[in-house]
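Summarising the annotation, Swiss-Prot assigns signal peptide to 1-18 and lists similarity to another entry as the type of evidence. Here Swiss-Prot flags 19-147 as domain 'C-type lysozyme', drawing on sequence analysis. Taken from Swiss-Prot, the feature disulfide bond applies to Cys24-Cys145, Cys48-Cys133, Cys83-Cys99, Cys95-Cys113, supported by sequence analysis. Taken from Swiss-Prot, the feature active site applies to Glu53, Asp71.
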Amino acid sequence: MKALIILGFLFLSVAVQGKVFERCELARTLKKLGLDGYKGVSLANWLCLTKWESSYNTKATNYNPSSESTDYGIFQINSKWWCNDGKTPNAVDGCHVSCSELMENDIAKAVACAKHIVSEQGITAWVAWKSHCRDHDVSSYVQGCTL
């Protein structure tokens, strides 16, 4: 019985943690999903962005008290403007997606929303990109990856 309880907690912790991508695995996935060069943004810039936003973690969340909103998933997409979490006041839901879908291990919906955001606002919509990637050599983010 104890073994079943421990096993249950183990599965629960894996489900809560989500998927943390390895850098090159994420590079290949983002390329496959069409982000390399999308709206002029290089794959290396997307990798830099996701490193600083979520450390490549699909389940990352960050609550923003000032706007009463939360950033979700590998791209840290905000519930005030882009997704619906059912609790953010006056949310816009610009991507027409549930915020929980942005935290799935299959990141296709998160990528689709990121494409929508970059199409409307550019890569500068992400504060982490402006702080850590803009005007930096980001080539190391894809260095050594077989793409």
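Heads up, the Cβ atoms here are built off N, Cα and C, so glycines get one too.
Nearest by CA distance to Cys133 (disulfide bond), out of the disulfide-bonded residues Cys24, Cys99, Cys113, is Cys24.
Comparing C-alpha positions, Cys83 (disulfide bond) sits nearest to Cys113 among the recorded positions Cys24, Cys48, Glu53, Cys113, Cys145. Take the disulfide-bonded residues Cys48, Cys83, Cys113, Cys145: by the count of other Cβ atoms within 10 Å of each Cβ, the lowest one is Cys145. The domain 'C-type lysozyme' (19-147): residue composition by secondary structure is 56 helix, 14 strand, 59 coil, according to DSSP.
Note on the domain 'C-type lysozyme' (19-147): its mean pLDDT in the predicted model is 98. If you take the CA of Asp71 (active site) and look 10 A around it, the disulfide-bonded residues you hit from Cys24, Cys48, Cys99, Cys113, Cys145 are Cys99. In the structure shown, across all protein chains, Cys99 is the one of the disulfide-bonded residues Cys24, Cys95, Cys99, Cys133 with the greatest number of other Cβ atoms within 10 Å. Remark: Glu53 (active site) has Ala60, Asp71, Ile74, Phe75, Gln76, Trp126, Ala128 as non-local neighbours, by Cβ distance under 8 Å and separation of at least 6 in sequence. The Cβ neighbour count for Asp71 (active site), using a 10 Å radius and every protein chain shown, is 24. Checked against Cys145 (disulfide bond), the disulfide-bonded residues Cys48, Cys95, Cys99, Cys113 differ in C-alpha distance, with Cys48 being the nearest. Separation of the C-alpha atoms of Cys113 (disulfide bond) and Cys99 (disulfide bond): 10 Å, rounded to the nearest whole number.
The two recorded residues, Cys99 (disulfide bond) and Cys48 (disulfide bond), have Cα atoms 22 Å apart.
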